[in-house]
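Here's the structure we're looking at; comments come further down.
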């Protein structure tokens, strides 16, 4: 969990022009939000031992919002100016998730979302982040490569024989790389301006107890219809992810399948948790399958343990020095982390698509068309499509169309759902029968071993 929770603020913070101190507050806010959402979920929601945290499903939409509020090269926009718009979109989307959950509509949604649709959408979650891989890692390739090597070593080699590497591969890899950076800084190899030098300035400046910037730390939420529509695609993927997690968690705990009421309460309370992330200045939350995997490793399936973990997350979110310490992770370490994680997310999408019958030309057309158009339409809107939409449609309509067009996941989801449910195909052909019994999750067990830290 640690790797995923820290990775998102470290990626979005610089994109919004934040300095290290502001990124530290962002990390603390995310930890606080994760703790609050986890406590709500484990106490009132599905009541399963599942940790809640920030999801990669929303990143494409968040980057679109940031690009609109923080135009490249425009230094007049205040750092973090996009956060109120992100909060507004997340809070409105959370209301929809609450409605879907508490109304029991999730069962119907699952019927129209086959692996033929979900696979390309998940692939685009990873593929849309290609700009955050090598360009960031190139700030110092040796340290980035070391980080990737340690992640692979701990996740797939040492984890075979040592429990600690199965439980904390990402955390140990980050600690190893940061330790090397600290050592090379101490002996004078990395100078004051070196990108691989840990920046502890924010740590010294941070409050011990964060009390002044807990509620709406970035200002009151702002609402834009285009941004709200873009975030909805993330909620769609997030709900699918959580649906699979509930099944995987309860089965791993030896309690069979979750009931319809448990699923409804879980999705509904995830909506409540997401709404509160807008209040506390974080990002939308969803269930973490990494911690579902730990139930199988540790044989501990008590939700009381998760509730204790939630309280710890809340305390870490209020402990300002912790966020500042996480913000000090050097840029090339973060770049290596991205390279290891985002490619794997795309591969999980391929595995999800493979649950459908890949010998069917129907499925290949629907999935391939959705994937290609998700990439191509997004590229078009980033290179003149927004202006064309503004010249063709009235203001509000053009904003919505532009928001969808700039979010590849949304394009793929809309086209995939339309074609998959219009072109005739059996349940077996579409892979729905298999999904009814399997974890239909963004994060596979492979992803657990790469980014799964308790």
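Placed from the backbone N, Cα and C atoms, the Cβ positions cover glycine too.
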Under TrEMBL, the annotation transmembrane segment belongs to which of these stretches: 275-294, 335-354? 335-354
Most Cβ pairs under 8 Å to the transmembrane segment (112-133), of 20-39, 225-243, 335-354, goes to 335-354
Range from 82-100, 225-243, 304-329, 335-354, 363-381 with the greatest count of C-beta pairs under 8 A to the transmembrane segment (20-39): 304-329
Name the range, of those listed as 170-190, 225-243, 304-329, 363-381, that has the largest tally of Cβ pairs under 8 Å with the transmembrane segment (82-100). 225-243
Near the transmembrane segment (401-423), which residues from the same chain, at least 6 beyond its ends, have a CB less than 8 A from one of its CBs? 57, 60-61, 64, 67, 112-114, 116-117, 120-121, 124-125, 127-128, 225-227, 229-230, 232-234, 236-237, 362, 365-367, 369-371, 373-375, 377-378, 380-382, 385-386, 389-390, 393, 430
